[in-house]
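Below is one structure, written out as structure tokens, with a few remarks after it.
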Amino acid sequence: MSNDLIRQYETKLNQLTFNSRPIIDELTIVAKDNPIIADQIVDLIKNRIYKAVPDQKLFILYLLDSICKTVGNPYNIFIADEVYDLYTHVFQFLNDTLRNKMVNLLNTWKEMKTISNDPLFPEEELAKIEEFIKKAGYPKNIIPEAQQLLINDITQIIPIFENKIKTNPTPKLQERYTALGQLKTMLSNQVITPAELAAVQNHLHNIKQQELRNSNTPTPAATPAPTPAQVTQPPIQVQVAQVVEPQRQASLPPKPQSRPQTNSGPPSLPPVPQIPKINIAIGLFNDLLLSGLVKKDQEPIPGSKPTYSLVFPETKYSPMSNNEEVSISQLEDILLASSGVARSEYEKLKFGEILTISKKTKTNDQLQQFINSNKPSSSMINLLYEDKPKKCPTCGKRFTDDTDGLTKHRLHFDWHFRINKKISTKGGNIQSRNWYLDDYDWVHFKDENLLEFSTTETIMATPEVEMNVTQPGSQYVVVPPNDTNMINRCVICREQVKATYNDEVGEWCWLDCIRVPGEPKNSRKIVHISCFNESNKKRSAETELNTNVKREKL
Amino acid sequence: MSLPGFESGIIIDEQQIQKHIITIPIGSEWRIEIPFKSFFKFKVISGIAEINGTELPNNTELQLSGTKLAIYSPKTSQIGYFLVDNKDSIYDNGDNEFSEYLSNETNMSSIINLSMFIESRRQLNKSGPRILIVGGKFSGKSSLAKILSSYSLKLNNSPILVNLNPRDGVFSLPGSLTATPISDSFDIEAFNGYGLTTTTGTSRQNPKQPIVKNYGFTNYKDNLDLYKYQVSRLAVSVLSRLENDPSVNKSGIIIDTPPINNLKNKDDVSLIETIITDFQIDIVVVIGNEKLTLDLKNKFKHKKDSINIIKINKSQGCVELSDRFIRMAQEQSIKEYFHGTYKNRLSPFKIDIDLEGLKLYKFVLTKDFLSTMSFLPAGDEETENTNNEENILDKYYQILEDPSSSNLENSLITITHLEATNNSPGKDLLDTSVLGFVHISKVDDEKKKIKVLLPFPGVFPKNNYLISTNIGYSE
């Protein structure tokens, strides 16, 4: 019976994919009528919150809210421990508007009391949540429409300043620009009183006026490629006004007199976002005018027909912060940053080559063409040879001449030297092929251990070596008591080892040897410590050695 | 027993090496054929020269024998050389002489382009490209695989070189399939130009660490099911390694394959499909075969966005090898497994062990298996699909009945990593990999003793499952 109910509940819950009062009410009532299965219902809801797509999480949280508020006990008690997790989980998936709604939700939780006059949720949980949203920068005050309009105004003025600063940077201009930026941040982050708002508006208006006046004085640097036509005042004012108040420009003829309307106070402005109202193309065109890329010639008579012409900027536009056009060097930086490793000169050269190649090999046909008939450039070939100028005379291996390359080169040289020395000692390098690794060991094997650059630290770090090896000279293997043959051999180098009498322990011992790890106490299998260390150098990945022969890779 | 090339103490006479000097112009290849009966001793006097992408050191004497290869000059080089007789007479059959010629018609530009394209793919994606090389017989697949690996290494990568051609032993013996991260240069002086794996001591070149899978035959068609099974198992290990090893993962995979001329044979089609799926191939390089390129493009039309199929011209320098030459080359690589190279001698270990108690299996030739199956009444084939593990194993490995001198002497035995239990090994025996190889040089049928050559001085791992290969060898 209750199983059926649960299943039905779940089905209904899955239908809560939009903010539906009826569904929430229905589910609340079911929850109210069946306190016996409260725990299961709570589980269902919790799971659903975690599993639902981000857009729908809030609705389910609303359901939970509804149940806790209308039913209360036991639901609010069941959920109390997890209310923080659930809240923060949902919060993370929402956009700003919805987050504000969640802040409201939290406020109701704080005020709400259950029938028994207890808090809906434990205060400490709510305090945790509050702490959390504070860290996330909430409550972000809902910004009144008027304020929003002001922000839009500033956003549109800022590019004018940027443009000016670029062509004619004066400290005053810079100061104003910074002030504008701060103003914008302030406006977008907090609600200000109507009085303050009016003050800001006034100030902003002043700035605007001033800037417009300035731009009317023809300073060659202020506008790229100045022409006589730009000296004419009204058209430029119109240009700016068009951008600042686009929705009115769309309806009114362009005339300077429209300006005072800005002062008439925000409440009179239409309460809808501005931009979508006009054709996007007009906005774009205005931006082009503003940036100076399109020049407008117009007679200083209202209503006269303007003529437009293209102007190429003197200084190339370089992207500021939020630009999607990313240049190659930036792309490289991004890659570099993401890899987390500083790129060497060699890697940079390689990257440059590769960029050109990947451009030439975009399609399959291009690729085949590239493979068949591209003549490798010398810079491409050099990547294989001269870009690593340090060539080892013994084996032909190449190294770069930066710090890393030189270090490796030195280690490589030392390694050749060690090996040669070892080989020149008669019998010093008797060796055999090791067994191959099994799948598990191979998958976890690191080839660095085979190379000359592997440091001794990693070798000593293996627990087995630490356990067995100390200083040569202090190690010996006591000849097994029932053994009469005093002569033994190292299993690695096959060299004879004769037992000597050790006075300290009073036993016959094979000096400088250890028993093969994993061999029983009385085993005669011994290795020289030096042989053991040497072979371990190559096998530092091996950790366990037991009687199992496949491990016998000493 | 005397080993070729082990006459140490030959001091190369500076005057001798000056006897013949050849200048290889930039971008040209000097193609040489060196018979087994001679040692070709040489050194690079000036410039840059390389063999299959591995750059040669300047002013260091090197030695080659029993091989046909090309020395390529990316920058004009001068090479001094002379020949000495290999005093080991077993190869003195006089069937070929040293020959050499220069050629400026190479496919090296294409290979460099290909290498750079591969490198660009490495920069684009987190996991590197997985490249499959296909082509007909003697088309230069292994050389291409080596060059691509070497150039990848030069560009600071360590790709996994996968050899699926059981004809060659790559860091192993013929009859095995291997995967080996190329973390350092190949040893061009080693036989076949690959090099050594890890040893108990220190070798002059850094060794490699392969994973080795059983196959037991030198032709992939001898037991295609087993071959494909092992290819898939190898792929599992290789892909796991990639997951665990970011530097290898970034570098990708380069796969060398047995010769395939076209897609007429459905076995070959399914083989290529198996490899492409199992290794998640994204670049197929076809050497010098227009027909095969087209066939593959048609076959993998549905994947044309995820797989690049690239055709590359065959090198003019490719030569056909006689069966005899191949056989001798295989013997050389077996010898190298136990005894090492002339610069890195290895000491194998000979012991006598009891034949009794060894868990010996043998590889099954598919045609033999089918002929036994044909005695079964019609319809019995169905039983093959039952879950009887013993039966599953039957078409791959079977217990070696009556091990004796007739079926063991002078043969190679694979030692698996799997330790014997009382039960039948079943699928575990298929899934395990190779611990190593031993050579049985003598079987005493009366005393039930065998003389075994172990690569490594230690206990014979007699608890592990052994599989007798079909590859004969005598010291």
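Cβ atoms here come from the backbone N, Cα and C positions, even for glycine.
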Just to be sure I read the record right: B:Glu29, B:Phe138, B:Ser139, B:Gly140, B:Lys141, B:Ser142, B:Ser143 are listed as binding ATP in TrEMBL. Which of B:Lys43, B:Lys68, B:Lys75, B:Lys87 is listed for the same site? B:Lys68
Going by C-beta under 8 A and a gap of 6 or more residues, the same-chain neighbours of B:Phe138 (ATP binding site) are B:Pro259, B:Cys318, B:Val319, B:Glu320, B:Leu321
Count up the helix, strand and coil residues in the domain 'Clp1 C-terminal' (B:346-475) according to DSSP, in that order. 29 helix, 49 strand, 52 coil
Give me the long-range Cβ neighbours of B:Lys141 (ATP binding site): same chain, 6+ apart, Cβ under 8 Å, in sequence order. B:Ile133, B:Val134, B:Gly135, B:Asn165, B:Asp256, B:Thr257, B:Pro259, B:Ile287
Can you tell me the mean pLDDT for the domain 'Clp1 N-terminal' (B:24-123)? 89
Cβ distance under 8 Å to B:Lys68 (ATP binding site), same chain, sequence separation 6 or more: which residues? B:Arg31, B:Ile32, B:Glu33, B:Ile34, B:Val319, B:Leu321
When DSSP is mapped onto helix/strand/coil, what comes out for B:Glu29 (ATP binding site)? strand
